[in-house]
Each structure stands twice: as C-alpha cells, then as structure tokens.
Amino acid sequence: MLLTVLAVVGCFTAVNGHGYLTIPASRTRLGFETGIDTCPECSILEPVTAWPDLEAAQVGRSGPCGYNARVSVDYNQPSEYWGNEPVVTYTSGEVVEVQWCVDANGDHGGMFTYGICQNQTLVDKFLTPGYLPTNEEKQAAEDCFLDGELKCKDVSGQTCGYNPDCTEGAACWRNDWFTCNAFQANTARACQGVDGASLNSCKTTIAGGYTVTKRIKIPDYSSDHTLLRFRWNSFQTAQVYLHCADIAIAGSGGGTTSKSTTSTTSTTSTSRSTSTSAPTTTSSASTATPICTTQASLIPVTFQEFVTTMWGENVFVTGSISQLGSWSTDKAVALSATGYTASNPLWTTTIDLPAGTTFEYKFIKKETDGSIIWESDPNRSYTVPTGCSGTTATAAASWR
C-alpha cells in the first residue's frame, strides 16, 4: 500500500507546467488574476486514461471546470471572483476566436476540444453560489459538454487535421477535436507549434507560456448565463486539463431558449479582473426571451487585444473592409488603453460592422517614430454575427 501511495504522489509531482483557458477568461484565469490561484496551469486530472481514447477518463473531483490541488480551489462552484456573471456575451451562430495558454515546461502534445452543455438545469448546479456539485453531477455535466462538442469542422475554412502521434484506426484518429502538432517535432512542436507564437505570449507561472488559438462556432441556443468548457487531453502523460468560462449566448435563431434561475443577484468584487467584457444582464433571474421583430443591419463588435506595450506605443486594428481601413495603416482604427494594467494589458475598441460580413484583419503597433509593427501571419478572420436589434459581439485575441 505504501509503495502504491508513493507512486501516485510521484505522478503528481514529476512533471511541471501545463495549460489553461485564457480567452474567454476562464474561472481559472480570474482566480489567477485575483491572486487566489498561484499556478493556473496546474489544474490537472491525473492519473487517468487520456490517450488514445479521448473520452474514457471520468472527471471525478476535477469536474468540467477543474480542481487545482496545489491551492485547493474547486472551480466547479462560484466564488466572490468568478461564476456570478458572464465574462462575455456571444451570439448564436457566431464564429469566435478562443485561446488557451500552454506552459513551456509542460507541453505534452495531444488534442483539445470545447463544448457547451444545453441542459440548463444541469449547468445551473455550477452557477449556484454556495453549492458544490457532487462527483456524479460533475460527470453528468462533462458528458453533456462532450455531447455539445463545438467541432473544429463546424467553422468553414478552418484546418482540421489528424494528430500525428495517433495511429489511423485508433480512438484518437478523429478531426472533430482540435489537434496539436507532433510531440517530438524538430520545429513547431506539440501544442506551442499551433500558433508558433513567441515564449511569454501568454502568462504562466513556471516557464512562460505559448498561446494556442482556434475558432469555434456558437450553437443555435440562448442563455443568460451558461458555461464554455475547454478540455485538453495530453499525449505524453496520463493527464487531462479542464476549464470553464462563464458566458452568455444571445439571439437564438430557433434553438432551445433556456435561462438560468439559480440566483437573482450577483456579487461583484472591486478587485475583479477588468480584462473581460461586461455582461449584458446584471441578474440571472428567469425572463421571457423576446421575439426578434427587427434584424440588426449593423452589429457593434468589440475588438479586444491583449498586448504589452511601451510608453508611447499605440495599438490599432486594420483589415480587408473599409470600416477597418482596407489594410491602410493610415486609416487603421485606434484601440483604447483605458483598461490597461501591467498584469492585464488590454486594448479595446468597438466598431459598428455590417451583420453577416466576413473579413480578415490584424492588429498593429505604431511607434513614437511613426514606424509600424505588424502582428505575425496568418491574418485573423472574423464573421460578424446576425441577430436582433441590440445584438453585440466580441473578437478577443492576444498579440502574436
């Protein structure tokens, strides 16, 4: 028995550094930014079967939102700093950019996925202040998130390859999940190779982070408050990483409409992170969904860019449509640093764009001497959602 215990302890301590969801802001990220979580990349479900069967592992105490044993924080229940309100509002059918951060010392390769559970009654158990879901409820929710998988192939034009560390015919041979590159590749290896971003393009506490960016399509569903679940299955180790972000979905075009009824008030701390969009509602009380009588011709799209800048540098967005200057740096739209802090380098601007428009864009930095610094390739792509009057959207990203 003693040997068994020592072996398990060794499994928990042998490998340092891992990954966590950053855009939209996960509960883990908010815990990190408020100082509660000292290692956001360390919420780990282990030891479990993570490969080649991606769905075999039971989530146990980790649940769909993660448990960090290092700091004894269970992200499956709201706290003062997360879980009381959405951090961003998406629109049904919208294609959005999502991002996670992998630590340089714990890039285990493998595959990852996102999901939205459309059983609001079940999700509400993870939104109720003071209530910790049971392990059975946690597993039921994870099963629901797997059923509500947001497939790579749902986004038109997105490259959805097979994992090079998987063998054809094995359970991991699938391209509905997103894949990292070959674990032992000489260049652009593993998960850090997906973006090819520079070290410290996102923040971890062990060895510095690399961004991993993809696009997902929001389902035909609406909710004042629900969860986006991120899951990464490691190829190298017997580990799974689970994280949740509190989101809202507006403007369902015909899918099930369900509203949270778990609480009528929200608690907001003055030290709460300012890096995320304000919610569109201040209460999660049940309300009737209005019938859409007027389709919006213009949608306010908020561009959020997380980029560290020097004094005198300014950030702009430009792109393939006239509203973004048609790639002219002279006509690029300036972002505001009103919410910028050293730990949360956020630049934002909101632009009214024609509903349904698809375009490419990039962020640029203008130096004090007038020189221009462009983000690395490839161009970003975005499709403005369609919806009722009052629909808004957010395009969030980190500099690359």
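Cβ coordinates are placed from backbone N, Cα and C, and glycine is handled just like the others.
The model shown is predicted, which means the values in this text are computed figures rather than measured ones.
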According to Swiss-Prot, which candidate among C172, C180 shares a disulfide with C191? C180
In Swiss-Prot, C101 is listed as disulfide-bonded to which of the following: C11, C172, C202, C244? C202
Can you look up which of C65, C117, C144, C388 is joined to C244 by a disulfide in Swiss-Prot? C65
Swiss-Prot annotation, disulfide partner of C144 among C39, C42, C117, C172: C117
Disulfide-wise, see what Swiss-Prot says C166 is paired with, picking from C160, C172. C172
C39, C152, C244: which of these disulfide-bonded residues has the sparsest Cβ neighbourhood within 10 Å? C39
Three-state secondary structure, which DSSP defines for C144 (disulfide bond): helix
Between the Cα atoms of C160 (disulfide bond) and C180 (disulfide bond), find the distance and write it as a whole number of Å. 11
Most crowded position, judged by CB atoms within 10 A, among C166, C202 as disulfide-bonded residues: C202
Intrachain C-beta neighbours of C65 (disulfide bond), sequence separation six or more, cut-off 8 angstroms: R27, Y75, N76, F126, L227, R229, L242, H243, C244
Do me a favour and check the Cα-Cα span between C42 (disulfide bond) and H18 (methylhistidine); whole Å is fine. 6
Select the most exposed residue of H18, C101, C160, C191, N379, where exposure means the fewest other Cβ atoms within 10 Å, treating these as the recorded positions. N379
